[in-house]
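These come from TrEMBL:
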TRANSMEM  B:6-28  transmembrane segment
TRANSMEM  B:66-85  transmembrane segment
TRANSMEM  B:136-156  transmembrane segment
TRANSMEM  B:168-191  transmembrane segment
TRANSMEM  B:250-269  transmembrane segment
TRANSMEM  B:281-301  transmembrane segment
TRANSMEM  B:380-399  transmembrane segment
TRANSMEM  B:419-444  transmembrane segment
TRANSMEM  B:483-504  transmembrane segment
TRANSMEM  B:525-549  transmembrane segment
Amino acid sequence: MKFLRPIIVLTVSTWLLVGVAYPLVMTGISQVVFPWQANGSPVRIGTTVVASRHVGQYFDENQYFWGRPSATIPPYNPAASTASNLGPTNRLLISHIVQRIHTLKATIPGLRTNQIPASLVESSGSGLDPDISVQAALIQIPRVAKATGLSPAVLKHLVDSQILGPQFGIFGVQRINVVQLNLALYKLVHRG
Amino acid sequence: MSTQTVITWIVVIAVFAFTVKPLGTYIAKVFTFQPTLLDKPLTPIENTIFRAMGVTRQSAMTVKQYGLALIFTNVVWMLGAYFLLRVQGIMPFNPQHLKGINPELAFNTAASFVTNTNWQAYSGELTMSYFSQFAVLSYLQFVTPATAVAAAIAFLRMLSGKKMGNFFVDVTLVVTRLLLPMAIVVALVLVGQGVPQSLGPYLHLHTITGQTQTVPQGPIATWEAIEHLGQNGGGFTNANSANPLENPTAFSNLIETISMGLLPVALFYTFGVMTGRKRLAWTLIGVAGVFYLVMLALLYFPEMAGNPIINALGLHGHANMVGKEMRFGMGGTSIFETSTMAFSTGSVASAHDSYLPLSSLSFFLGMFLNMVFGASGSGLLNMVMFVIITIFLMGLMVGRTPEFLGKKIEAREVSLASIAFLMHPLLILVGTAIAVASPIGLAGILNPGPHGLSEILYAFSSAAANNGSAFAGLNAGLPFYEVAIGVVMILGRYASILVMLLVGASLARKRAVPETSGTMHTDTVLFGGILLGAIVVLNALTFFPVMALGPLAEQYLMMAHHLF
């Protein structure tokens with residue numbers, strides 16, 4: 001079988017090149033050039049790693065800002081990323097959204113449905129979306145203010161300071177990383 | 001439409017427009033063995049490999065040898081991948097101590113990655129060790145697009161009257177001259193944006209709410225680079241490029257989107273350079289480009305208008321954000337998804353199952369046509385297949401002998417092209433019919449009503465088109481789907497490649513006929529229009545009934561606020 005030799009040589013040589021050398025050498029280069037990003041962009045308080053910069057976390061306590069609904073089990077589980085995959089005419093999709101609206105209205109005094117951004121009651125693609133819209137943060141201020149004792153004005157200032165513009169001013173959308181926002185809030189509360 | 005959406009779209013399309021000519025010319029130079037930029041560092045390495053193979057750069061094969069070499073090599077890769085997945089538990093680079101893969105899933109995954117489909121009936125972060133990810137699956141993400149590009153290059157050599165070339169040489173050159181250099185650059189950019197690239201264990205966090213969180217790590221950036229550059233599309237994790245670990249920013253989203261299209265678009269121009277018919281190449285680029293823009297619009301506008309059932313609840317904002325991520329914006333999300341379906345990649349930056357029925361038509365359009373540039377190599381072969389069928393239909397209508405590139409199109413070429421065309425709907429529709437007629441097939445559905453049919457139809461379309469994305473509500477982990485989808489992927493992949501190689505060989509044997517005043521010209525806007533019309537009519541006739549039962553039925557029921 002005259003193809004045997006070239007098949008073996010092709011497979012072994014390309015495997016060494018792109019199956020082994022490429023990932024390993026690139027890992028080495030990345031660890032030198034971008035050590036923080038290459039290791040999961042860890043965010044620390046003191047020496048404790050409390051977050052990964054781009055990965056969302058689950059917040060359901062009144063003293064924190066909440067992120068978008070997550071379909072992972074448990075919510076915001078990066079080791080098992082998934083979307084809900086519910087179709088647009090699925091009864092479950094609508095009941096999940098209605099339920100989420102009720103929860104928000106029950107915990108935020110004076111909240112009207114037409115103030116709630118759709119993205120805050122619709123689950124994300126990965127279950128790990130760290131971002132919410134600015135409006136989604138602003139409407140939660142009354143609840144957070146009541147639970148933390150901080151004044152709405154201080155919280156408004158905090159939210160404003162956490163707004164991320166479109167990347168390089170031109171790509172993506174204005175948003176707030178809810179994990180970063182809550183970390184800033186945590187520092188504010190635990191300092192004073 | 002927001003400024004960011006407009007700018008994102010313009011940047012993506014401009015990059016394709018400005019790279020198509022230089023990159024397409026570069027590819028033609030590499031495979032006609034002319035001097036290029038990377039000769040100095042790469043030629044000695046390649047020559048060593050060719051010597052060890054016992055071939056030279058210029059050695060040529062017959063079409064039979066080329067086809068057999070392609071098949072045998074792919075069989076070896078598939079068996080190797082199957083074996084290595086089965087024994088994952090005893091292999092190195094497995095810090096999470098993941099076990100070996102069961103036989104059905106190992107077959108499905110090996111078939112999936114060797115056919116450039118990257119359909120995944122598993123969650124990467126829960127199932128695959130780092131070794132399986134980079135040394136088995138990511139390896140196949142290099143050599144399987146190389147297989148299709150090699151076949152397309154061989155086809156172009158035959159059309160241009162040259163020797164067919166050597167399969168082993170061609171695959172090596174695609175890897176060394178195209179995929180590897182591009183992957184190195186893209187991987188580094190992605191790491192800079194925040195995609196992990198390490199071999200360490202998963203990250204354990206202690207959050208401020210007193211919880212712990214486990215964040216997967218791994219050689220993710222190198223995976224993402226070749227996943228997109230080779231139109232593979234399999235995610236390192238289950239959520240694929242929706243996961244912030246694979247696609248952390250709007251810019252990384254843009255880079256991945258552009259990576260998918262560079263080679264498929266450029267290869268259309270390579271067709272023009274190698275056959276000496278650049279005007280025809282521009283016609284084909286124009287036709288595929290029109291379909292691309294139609295898909296983009298078909299996706300974007302319904303999603304912006306939103307789901308009427310949800311809109312009736314009276315929330316702030318209408319856009320459908322179910323299964324989408326905030327950071328890309330609707331503009332970035334829609335051009336990513338358009339690209340993944342047009343270029344037959346199959347990675348996703350959002351959950352396709354949660355799109356509105358009308359927008360899902362864009363997904364189906366991409367998979368049915370499979371030539372809106374398509375995956376590197378195979379998309380070009382599909383486009384030429386439609387060109388041959390269209391020329392034949394035109395010839396019938398005006399009563400002239402159909403000619404393509406100065407060669408007569410006769411019964412043999414038309415029969416072969418028709419086989420390649422019909423294989424696709426045959427696999428999709430028969431596969432779907434079997435699944436919906438059997439309880440084991442129906443058991444996989446997540447969403448009831450017409451959407452359930454769409455889920456199954458999507459699965460078989462994705463497999464036949466070697467796309468690999470999914471309406472992921474469908475439980476692809478059922479043994480029925482693992483085996484059926486695996487078989488469809490293999491037939492969908494090799495049948496069309498081999499048949500088109502035979503078309504090329506048949507055309508190569510013919511004597512060129514001189515151009516006369518009676519020759520039908522294929523490099524005109526008129527022909528482009530007829531080609532576009534023929535593609536639309538052929539596919540509409542084939543797929544409209546099943547579209548009416550799935551997405552269209554659901555669209556009307558959704559407008560009537562009907563829930564299932």
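Here the Cβ of each residue, glycine as well, is placed from N, Cα and C on the backbone.
No curator has checked TrEMBL annotations; they are predicted automatically.
Of the recorded ranges B:6-28, B:136-156, B:281-301, B:483-504, B:525-549, the transmembrane segment (B:419-444) has the largest number of C-beta contacts under 8 angstroms with B:483-504. When Cβ-Cβ distances below 8 Å are used as the criterion, the transmembrane segment (B:66-85) is approached by residues 91, 100-101, 105-107, 109-111, 113-114, 132, 135-137, 140, 143-144, 147, 150-151, 154, 164-168, 171, 494, 497-498, 501 of the same chain, each at least six residues removed from its ends.
For the transmembrane segment (B:250-269), the partner stretch with the highest count of Cβ pairs under 8 angstroms, out of B:6-28, B:136-156, B:281-301, B:380-399, B:525-549, is B:6-28.
Sequence-distant contacts of the transmembrane segment (B:6-28), counting only residues of its own chain at least 6 positions beyond either end whose CB sits under 8 Å from a CB of the stretch, comprise 36-37, 153, 178, 250, 254, 257-258, 261-263, 265-270, 272-274, 281, 285, 296, 329, 331-332, 335, 339.
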